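As written in Swiss-Prot, here are the features:
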- Asp128: active site, proton acceptor (ACT_SITE)
- Ile15, Gly16, Ser17, Gly18, Ser19, Phe20, Gly21, Asp22, Ile23, Lys38: ATP binding site (BINDING)
- 9-278: domain 'Protein kinase' (DOMAIN)
Amino acid sequence: MEVRVGGKYRLGRKIGSGSFGDIYIGANILTGDEVAIKLESIKSKHPQLLYESKLYKLLAGGIGIPMVHWYGIEGDYNVMVIDLLGPSLEDLFSICNRKLSLKTVLMLADQMLNRIEFVHSKNFIHRDIKPDNFLIGRGKKMSVVYIIDFGLAKKYRDPKTQQHIPYREGKNLTGTARYASINTHLGIEQSRRDDLEALGYVLMYFNRGSLPWQGLKATTKKDKYDKIMEKKMSTPIEILCKHFPFEFITYLNYCRSLRFEDRPDYAYLRRLFKDLFFREGYQYDFIFDWTFINTEKDRASRRSQQVYVEDNRQVEENQNELPM
């Protein structure tokens, strides 16, 4: 039996699941366009889909922000219909044998900084910056990095008065321990600086293949979080970034030097990585490590289906992502 949501969306197969619900592929029955459909039980102890859909609407129109097509209740589920995107950076990292080239890391850093700055400009912090929460687009948008999953996002300042939330301590860890900032581990209320520090750990994860605080043995979740914090605090940034360009050390030192209410200098951080990019002689051509891996898979898939599609390299139209 065909299941429909929102009157015009057909529910297809399950493509993923998270702590708050399941994600299905779907299609607009009028246009045939594919979409992603997120379902959350209305009995959920901590419902977050309505909150997340409101966040997407607030951020709507930003580059690398998926569009919500419909939100509502169907039967026993809260339902959100949203743009269908490509694989996550975690998926692509695995496809690339868990190591990314410096060129790919720097092109990602540029876009990821843009996404985080845009979210911050709308008075919210993400609070769960990790490779799984950045996805690439599909088709013509294959070179665009999208930021997703705003279930843990929090307003850090009043949109009217610009009043920042107060400094607080004794907070539980929100987000993913592997990438959490040291201040988050210490129970300090998160602010803009923490999203950026988390991004620094994501970039080093891509560079190195893993982080020193991965795979630590522990009996309880608290014990594990404590061990991750101890290892993170006792690993000097210079050791974490050893064998990699000094810009990564500069980036993390800068993030850790920010005070709670400070507005980060996003342009400075982008420039830091762009200068390194051009010093290395790279071309800003949006060819990532996975571009040709995917192309080979696509070609095999097309051959098997006996369908010929001209192989075009797509370059993002957005001028904001291009080097100055």
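Glycine is no exception: its Cβ is also placed from the backbone N, Cα and C atoms.
It is Ile23 that, of the binding-site residues Ile15, Ile23, has its Cβ surrounded by the most other Cβ atoms within 10 Å. In the three-state DSSP classification, Ser17 (ATP binding site) falls within a strand.
For the pair Ile23 (ATP binding site) and the residue listed as 'active site, proton acceptor', the C-alpha distance works out to 19 angstrom.
Across the structure, Ile15 (ATP binding site) and Asp128 (active site, proton acceptor) place their CA atoms 21 angstrom apart.
DSSP assigns Asp128 (active site, proton acceptor) to coil in the three-state reduction, outside any helix or strand. Counting every protein chain shown, 20 other Cβ atoms lie within 10 Å of the Cβ of the residue listed as 'active site, proton acceptor'.
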